[in-house]
Each structure stands twice: as structure tokens, then as C-alpha cells.
Amino acid sequence: MGNSQEPQDFNISVMPSSLTPVHVAKAAEGLNLYDTASHQVSHFVPLKPGEVGIYVCGATVQSSPHIGHIRAAVAFDIVRRWFLKLGYKVTFVRNVTDIDDKILVKAAAAGQRWWARAYYYEREFTEAYNTLGVLPPTVEPRATGHMSDMIDLIQRILDNGHGYVVTDADGKPTGNVYFDVASWPHYGELTHQKQTSEVDEAAAVADRMGPSVDATGADKYNPVDPADASPDKHDPRDFALWKAPKDTDPEDARWSTPFGVGRPGWHIECSAMSHRYLGDGFDIHGGGLDLRFPHHENEMAQTCAAGYPSAARWMHSAWVTAKGEKMSKSLGTGLSVPSVLAEHSAWVVRYALGSVQYRSMLEWSDQALVEAQAAYDRVSNFIERAGVALGGQPSREEVAAVSADDLPADFVAAMNDDVNVSGATAAIFTAIRSGNTLLSQLADRADSETAKAEVREALLAVRAMLDTLGLDPLAEPWVSAGGAADGTAESPEHAALEALIAEQLNARAEARKAKDFAKADQIRDALTEAGIAIEDGPQGSTWSLK
């Protein structure tokens, strides 16, 4: 039988130190973020000056990660990076749900120990996060390491009169404990539901928010759980805080409690872990759009019913669609992370996943990946050319040290507008166009040192903006991955483009040598019309994507 234990089974990165000086940028005064509970974009003010606490619901590690999972991770990674660029100390908690009905069922079907399966897929998720440049969380707690926290929280809810223990004919606790929704008048505030005893009301709200399906087509967030369908419930809306074990549950998937042997309900896990690491109230609770109801609605209710304040702001990332429809069974494994990475570089996949504002649906298509590859080519081309012109690149330390106050105003305005990544990306490419213009003028400038300083300033700004989105090609993990960031490896598409343009430039050079300037101009005009800028210099002609 499992044992209630103190939280010891989790990963911790560097925790923010209270001794570290805080230098919040002036740009932070303009930050506005959406709040699901209020349905409004509002000015962000941290609960503690200079610090931000964020809890994001992580994966239920039952199977391999798919693009929908990682989209949410990338979205909140960008949110986190913007807070860091603004100068805040950020405590970022992302949990791992490693005990769950589906984990138990799938492990049994595969002849595996449930905990071994959970750990195996947890590592797959970690590998996907790392490969796609998602920063490791400050704390990554596993549900199984926090049973005592959950039991304590449930006891507080019971003591406050907002839950009930189911007993058998002899008056002994069965292990089933439910939250009493009728006792909590604030239930429904997150998703703006009316208090009603009709279960259809909650179902209707859930339906309006879209289907809760994963890549296998299964109902991931609202599974048919015998505990939640039990006739022992006082109200159809009541949900399980603790669940009695099924006959098929392994002995090591059961924990002893004052209200019987069993295992936790899904919602209580996040309430317990967020309170453990972020305390009484924190700034932001995030997760995928599917989690608004019932998970986050239930989580908010039980946390407050235990006597603790809820998160000050709730943020939800929209899901990934294909041909206008949310990922579903019909897409099979085509959207699994390994299958996508087998065909595209990690930088390109990250760019595609983070290419729109987090609340916007993300349409996943071949065209989106082609556009992401083109973006990479434009970015890497400028960075490489600028580095050659300057004789070197700004260091990673210098790039990371650029404050939000020193970034281009249009980029800051976009990021402060509820993390409008589309606008921020447009600002980056505006800066790249300006930088390419400076590079084209470099050879003709009499004030060469001033000209180089301007190029360097443009290069530093571009890389700092990219870094804020987790996309600086000269940062980890892109450099270690051997991507084209360092010029040592190119995508097949870029290599083909390079070869075709080189052939055209050679033909143009031959025409100029033969004084056939009409043909030379014709070649240049054709390349320009195709979006390729040609620049002639003492060492020959170079090209860049406009």
C-alpha cells in the first residue's frame, strides 16, 4: 500500500533568492493581462513587489506528449520569459500528475508497474520541453510526493463544512470524499456558471468551451469516473476529493487516510501543490483552455473552501487545431512531438507553436511550418551576416542582460498587450529589415565605426527580442542541437534555396563580366520580386530574405 509522505519526490531548479536585488523595468508599468475569471484584460500588479508566482498545470504522464501539450508549455514559457525580461523574480511551478485512472489502466494493459509507466512518460515530456527550449520550472512536484498535503487540505475542507465522507452500512469511511458544491455559493465564478442543482447546466458550459479530447480521441479532462458518477453523491455537481480504490487498483496505488484507504481526486492535487510552493494566494494560475471546467473551477472552489485565497489571475492557452478542428482521434499520432521533430528542426517547431498570442487558436498545418522555416532563414541570415560584418557576436550574457526598457518600443508594447506574440514577432522582423539596410550601407559609409556600432545595436536588439521568445539561435538548446544557428548545419529547404540563389548570382556575375548589364539587371529584378535582396560589395554579391 502506498504511504502518505512528505513532499520529497520532485525536481527543483534554482529558486529565486530573497537576497537577490530586484530591478523591475519601467516597462512593467504598462503590462496588461487577461483574467479568465473577470473576462477582462487588466493591469498587472504583483501581490509582492518585484516577485511573481505562477502555477501551471502540467502533464498527466500516461502516454507520449503531443503538440497540444507542448503548445501550452511554450505559451506559458513565453509569459514567464517576459516577466523575467521585465526584471521580476519568478517562481514557476509546473506539476506532474503521476497517479491517475488512465495511468493505472494503461499500465495494467501493458503489463507495467503504474509508477514505472508514469516515470517513463514523465521523462518523455521533460525531453520534449528541453528540446523545444522550455525553461525548467523552479519546482516540478509530483502528485505522489504530496499525499500528506492533500490529506491535510481535504481535512480543512471537511472541518469547514464543505465536504462529506461517504460511510458504509456500519458507519465506517469507504474512502470516498466529496466536495459539497451546494455549500459553496461562489461555485461557478471562474466560468461564470449559475448556481443550480441541475447537472445539465455544468455540462452545457463545458460543451460551449469545446470538447475535452486528447490526441487519442479520449475524453481527457472529463473522464467517466465511477467515483464522480456514484449514487452516494448529495448533488450531481459534487466532485471527488478522495476516491476509494477500485478492485483492480494495485496495492501500491492506495494510501491510508482518516477517511479511508484510496487515492486523490484529480483536482485536489493541484490545490495542494500550488499552496505548498506558492503559499496563501499567488499571482497567476495557468493551463490549457480545456482545464477551465471542471478542473480549475473545482480547484478554485476547494482551495477557497479550505480557507486559502485563490490565484489572483487565471490564464488559459487555447488549443491547437488542424483544418479548423481541435486535435482529435482522426489525426492519430501525426501530431506527436517525436513525429513532428523527425521532419522539422526544434527551432522551427517552437516558432510555429509560439507564433500567435496564447489565447488564440493555433492552426497547425504544413503552411505554418513552411512559414516558420522561412522565419528561421530570415533570422539566421541576418544574425550571421551581421556577425561576419562585426567580426563576432555579442555574448549570450550581453544579450540576456538587455532590459525590457532597452528593447524597441513596438516590441515592448506588443508584449505588454497580453503577451501579443504576433505583434512582437512583427517588431522583430521590422528590426531585421532595418538591420539589413544598415548592412547594405556599411561599405559606403565614411564613418565606418559609427556604422558598425549601429549594426551591432540592431543585432543586439534583434537577438534580445528573440531571446525573450526563447528563440535566440545562438542560445541553448539550439546551439547544442547543431541547428543552423551557428552556420554549421542547414535545413534541406535552406540548402536548396542557397544553391538556387548561388546559381543565379553566378549567372549574374558572368553577365556583368561580359558587360551584359541588361541580363544582370533582369536576374536581380527577378530575385527581388521573389523577396530576395541582393547586395554588391568588394568581396562579391550577397543575398538576404527581405
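A Cβ is built for glycine as well, from the same backbone N, Cα and C atoms used for every other residue.
Just so it is clear, the model here is predicted, and its values are computed rather than measured.
Checking the ranges 191-195, 231-235, 296-300, 326-330 against Swiss-Prot, the motif ''KMSKS' region' annotation falls on 326-330.
When the binding-site residues Cys57, Cys270, His295, Glu299 are compared by the number of other C-beta atoms lying within 10 angstroms of their own C-beta, His295 comes out lowest. The Zn(2+) site is defined by Cys57, Cys270, His295, Glu299, and by the 8 Å test on Cβ atoms against their centroid, the other residues of the chain that qualify are Trp266, His267, Glu269, Ser271, His285, Gly287, Leu291, His296, Asn298. The DSSP breakdown of the motif ''HIGH' region' (59-69) into helical (H, G, I), extended (E, B) and coil residues amounts to 3 helix, 2 strand, 6 coil.
Taken residue by residue with DSSP, Cys270 (Zn(2+) binding site) is part of a helix.
Glu299 (Zn(2+) binding site) falls within a helical segment according to DSSP.
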